[in-house]
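Undergrad: To start, I am sharing the structure in question, which I have written as structure tokens.
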């Protein structure tokens with residue numbers, strides 16, 4: 001609703017009736033005096049703003065028989081079956097009842113000398129509100145026109161209004177409107193009021209301006225929408241050229257502010273998350289669009305004018321407010337500062353702020369399996385293997401039992417006696433002893449070549465017990481070393497001490513003038529962090545991520561979808577900590593734009609059908625390592 005003061009800006013209002021902003025509204029309610037209304041309606045006829053418009057005027061002008069009134073105008077008039085004399089009698093009685101209370105309880109102005117008031121003046125009387133409230137609290141019981149009492153708005157309870165349509169220069173009743181009705185439980189005045197209204201309207205009987213019988217839509221919805229966006233992976237990609245894929249790409253232009261090559265506009269093919277969303281919205285809501293990239297490459301930040309303290313926005317928001325674009329579709333965060341001057345649809349993507357850092361690579365090498373034991377211990381293990389093997393060889397070769405057995409075998413051979421198969425086994429030689437000790441150590445299983453003598457077998461059992469304890473200790477230590485050797489992020493999140501207590505050798509930043517920058521600025525708990533990175537902030541996200549890869553920057557704060565996308569396609573980058581500063585992305589339009597509700601309903605429908613999840617998986621979380 002727009003308000004104007006008589007005699008001050010009516011001329012400017014008439015001169016701007018054909019502006020783009022006013023042409024979007026098609027229903028006008030005129031609550032003004034006869035002279036101002038006549039001037040305004042005369043301008044309406046001159047500017048041919050009749051067809052598809054709705055003009056509603058007040059009762060004072062409606063019954064004035066003004067020559068400026070034209071067919072199709074609507075108005076509301078109080079219905080009365082009583083004469084003006086009867087109404088005047090009841091009004092006089094109401095005034096007497098009200099002022100009789102002033103006699104018993106004098107108000108502040110009762111003793112003051114009051115000059116004659118000009119009823120046509122736009123200035124209000126300082127005690128006018130008190131007098132008005134006194135009339136609201138007064139009543140007349142059993143008046144000629146019935147009981148008289150008022151609701152909080154000053155309307156008479158149980159009043160009946162006629163809805164008037166001017167047809168062929170005559171006032172034609174096309175409906176009625178009954179205000180609050182009351183319930184009387186006793187014969188006294190009705191004080192128990194039911195807040196109920198009743199409207200009866202015959203729309204088929206109404207003749208609209210310019211003689212139309214079809215009811216206007218009430219708003220003018222643009223079907224050709226100018227859309228501005230900004231390059232921001234993975235939401236908007238732009239490649240030079242005009243040979244665009246009609247299925248997944250959209251032709252877009254960029255105004256060259258430098259104009260070094262003599263061309264005012266550069267041609268691109270745009271694609272990405274937001275382009276897929278825009279194409280689906282266009283198909284569902286039946287509108288066409290033209291797309292261009294923001295000229296200065298900024299999302300939008302404001303500075304207050306030193307003279308009039310008005311906000312001056314740049315970037316995409318500046319283009320939207322200055323009517324250089326009708327819609328912003330980009331990863332634009334819905335922040336309080338922006339919502340003061342533009343309007344957002346329902347969110348199409350929820351997100352938070354996170355931090356992107358380089359991943360610390362593991363320093364493991366081929367000899368890392370030796371880390372569980374010290375070098376001296378490994379030397380002792382190797383010596384033990386060979387010493388035990390040599391002792392086993394000696395015990396098995398030179399044990400007394402083995403020597404007596406060998407002597408009996410020699411005698412059997414001299415007498416050509418048969419030799420048992422088990423007696424044909426030779427004693428453990430040095431190579432077999434080494435094989436046995438290594439096999440027991442590595443748990444490879446020994447099928448043959450085991451010690452034969454009792455003493456050698458006892459030593460073998462002792463060696464097996466020793467190796468079992470040693471292998472168990474090695475396995476436990478190796479697991480611990482593998483866990484400790486996992487690469488860790490350089491910081492743990494927003495509460496990391498290196499962020500809260502800035503150090504000279506640890507730098508972090510965000511994008512200057514962005515929603516993330518404004519978030520840190522307005523959060524008191526992050527004031528130290530904001531002052532630290534204020535002078536280090538970057539102009540674009542790509543510059544910051546490039547410096548992060550080159551180790552010129554230690555940490556970068558930005559919206560989680562972009563950073564998750566970067567971490568998914570680059571193995572050297574990783575997001576750290578939990579999300580904070582949760583917010584959402586929305587499509588931005590000017591205040592009270594007719595497209596707000598249709599776009600919001602379509603976005604909610606996309607969420608329900610899973611279309612937004614498909615876009616998330618395809619454009620953000622898909623791993624495509626470079």
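Here the Cβ of each residue, glycine as well, is placed from N, Cα and C on the backbone.
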Undergrad: 301, 515, 527, 600: which one does TrEMBL list with 331, 333, 338, 559 for the L-glutamate site?
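TA: Site partner of 331, 333, 338, 559 for L-glutamate, according to TrEMBL: 515.
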Undergrad: Quick check on the annotations: TrEMBL lists transmembrane segment for one of 439-461, 462-484, 485-507, 531-553. Which range is it?
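TA: The range carrying the transmembrane segment annotation in TrEMBL is 462-484.
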Undergrad: Looking at 282-300, 339-357, 358-376, 377-395, which one is transmembrane segment according to TrEMBL?
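TA: From TrEMBL, the annotated transmembrane segment range turns out to be 377-395.
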Undergrad: Would you list the other residues of this chain near L-glutamate - those whose C-beta lies within 8 angstroms of the C-beta centroid of 331, 333, 338, 515, 559 - in sequence order?
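TA: Neighbours found: 299, 332, 334, 335, 514, 516, 583, 585.
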Undergrad: As a test of the contact definition, list every same-chain residue at least 6 positions from residue 333 (L-glutamate binding site) whose Cβ is closer than 8 Å to its Cβ.
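TA: In sequence order, 351, 515, 516, 559, 583, 584, 585 meet the Cβ cut-off.
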Undergrad: If you count Cβ atoms within 10 Å of each one, which of the recorded positions 338, 521 comes out on top?
TA: 338
Undergrad: For the domain 'Ionotropic glutamate receptor L-glutamate and glycine-binding' (256-322), jot down how many residues DSSP puts in helix, in strand and in coil.
TA: 20 helix, 19 strand, 28 coil
Undergrad: Roughly how many Å lie between the Cα atoms of residue 331 (L-glutamate binding site) and residue 521 (site 'Interaction with the cone snail toxin Con-ikot-ikot'), rounded to a whole value?
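TA: The Cα atom of residue 331 (L-glutamate binding site) is 20 Å away from the Cα atom of residue 521 (site 'Interaction with the cone snail toxin Con-ikot-ikot').
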Undergrad: What three-state class does DSSP give residue 338 (L-glutamate binding site)?
TA: helix
Undergrad: Using the residues the record lists for L-glutamate (331, 333, 338, 515, 559), what whole-number Å value is the largest Cα to Cα distance?
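TA: Greatest Cα-Cα span of the listed binding residues: 17 Å.
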